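This report refers to the structure that appears directly beneath it.
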Amino acid sequence: MVKICCIGAGYVGGPTMAVIALKCPKVEVVVVDISVPRITAWNSDTLPIYEPGLDDVVKQCRGRNLFFSTDVEKHVAEADIIFVSVNTPTKTRGLGAGKAADLTYWESAARMIADVSKSDKIVVEKSTVPVKTAEAIEKILTHNSKGINYQILSNPEFLAEGTAIQDLFHPDRVLIGGRETPEGQKAIQALKSVYAEWVPEDRIITTNLWSAELSKLAANAFLAQRISSVNAMSALCEATGADVAEVSHAIGKDSRIGPKFLNASVGFGGSCFQKDILNLVYICECNGLPEVATYWKQVIKVNDYQKTRFVNRVVSSMFNTVSGKKIAVLGFAFKKDTGDTRETPAIDVCKGLLGDNARLSIYDPQVNEDQMQRDLTMNKFDWDHPIHLQPMSPTSVKQVSMVWDAYTAAKDAHGICILTEWDEFKTLDYQKIFDNMQKPAFVFDGRNIVDADKLREIGFIVYSIGKPLDSWLKDMPAVA
Ligand code: NAI
């Protein structure tokens, strides 16, 4: 029986391994992690991450051929194939601080593999890593090899949170990069045969190591760029009276552009886009390509601009101050159908409003108060370390309260900011909400999910990103 061990039981390691176990009943899969609470949760009825369909997959194979354990060394030693899916945060100090990937966790995983291995191993990069990481890992392993043969493969993960299980069941492609030697090709075939249990052959792409590593960074950079492009257009739409939804629809009909990923919003978030672009920027700089680096940096700048622009709209339209005013924040996760708050635009928007002394009442169906307080007090990039190593916030933000439904959040509020596109926000009883708010009552829709005309009929002043402005908003321009 082939034995797989995955180091890192996070948003990637957990779901990917659960799906491999489900689709390959003859393979034994053990997911290991240094975080005891995380492994305990994976072994309980309340999994550590929320992902539609995940519970069902885990229930079907946990205890059969899927196991979660903190006994990292034992399972690594026994495995034939080792996936490494640990954190790759942005460095916060030293060389490349604020840009380069911090490979501390990766390196310690590689050294541990070298320490405990007694048989040949295929080591698979699942984490997103800088190009040429495989070479560094190879060096660590071969310099400590005790005669053991290691093959390094790059198999970046393209799942999107919120649709992870469907993405894993029906991937657009699986990418496997390896050495062009006979041993490298054999390792590629071994991993390919795992995926081939459920993924059609023509969707399994094999490349050299560096192409696979760079493709993941490139994919995230292109996706984020698309969001920043449509968001940049949204600012111009507001200035000219064009409607960004109409523009997106019109350009998306061009088959060269395509209709997906063209929704304007308050900005992108999630653990990957910003981190991976910063990493790409750093790699460009290191390779003497400052113009290319500047080009990609602009994607992040526009994203930051979009969040600032949103806060400025809120403050300026409410008579240029939100001091002491209650603002309801609907949604805190970086997108719907996940509880993940890493780099969510809600953090910057909330901080911006708190900077103007607002009182916030936040509701998100999947995010608890602890997490929100942690996010609002943590330093940039600290979130991307194993949970038990993250600093606990010494104080909480007093002007923030968390509630468990949208109506309580909006009661007596002056304005509502919709920051995540949860479906339930589309069907709220907005008349009831309006009746219980201060007047004039504002809705700032950061995801363009409400029926703005209907809300205006009720009496709200509505701001929708990239849409023609209410006369109220036109009269109160947002100047940074
Ligand atoms: P995560 O933070 O949810 O999980 C990483 C896990 O690794 C943590 O539970 C941590 O305790 C564990 N860990 C760290 N060092 C360890 C060690 N030495 N031994 C054992 N366990 C260790 O991170 P996530 O989101 O799963 O991301 C992992 C990697 O996958 C990152 O490189 C990320 O960029 C990449 N990725 C993430 C995607 C996402 O949607 N979250 C999608 C595609 C790639």
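Just so you know, glycine gets a Cβ as well, placed from its N, Cα and C.
Quick look at what TrEMBL annotates:
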BINDING   8-13, D33, R38, 86-90, 127-128, E161, 272-275, R342  NAD(+) binding site
ACT_SITE  C272  active site, nucleophile
DOMAIN    328-452  domain 'UDP-glucose/GDP-mannose dehydrogenase C-terminal'
Work out how many Å separate G8 (NAD(+) binding site) and C272 (active site, nucleophile) at their Cα atoms, rounded off. 16
Tally the residues of the domain 'UDP-glucose/GDP-mannose dehydrogenase C-terminal' (328-452) by DSSP class, grouping H, G and I as helix, E and B as strand, and everything else as coil. 42 helix, 19 strand, 64 coil
Could you list, ordered by sequence, which of these recorded positions: G8, Y11, T90, E161, C272, have a Cβ under 6 Å from ligand 1? G8, Y11, E161, C272
Confidence summary (mean pLDDT) of the domain 'UDP-glucose/GDP-mannose dehydrogenase C-terminal' (328-452): 93
Under a three-state DSSP reduction, the secondary structure at T90 (NAD(+) binding site) is strand
Which one is it: of the binding-site residues G8, D33, N87, which Cβ has the fewest other Cβ atoms within 10 Å in this structure? N87
Fill in the CA-CA distance, T90 (NAD(+) binding site) to C272 (active site, nucleophile), as an integer in Å. 10
Looking only at C-alpha atoms, tell me how far D33 (NAD(+) binding site) is from C272 (active site, nucleophile), rounded to the nearest Å. 20
Of all the binding-site residues given, T90, Q274, which residue's CB has the most CB neighbours within 10 A? Q274
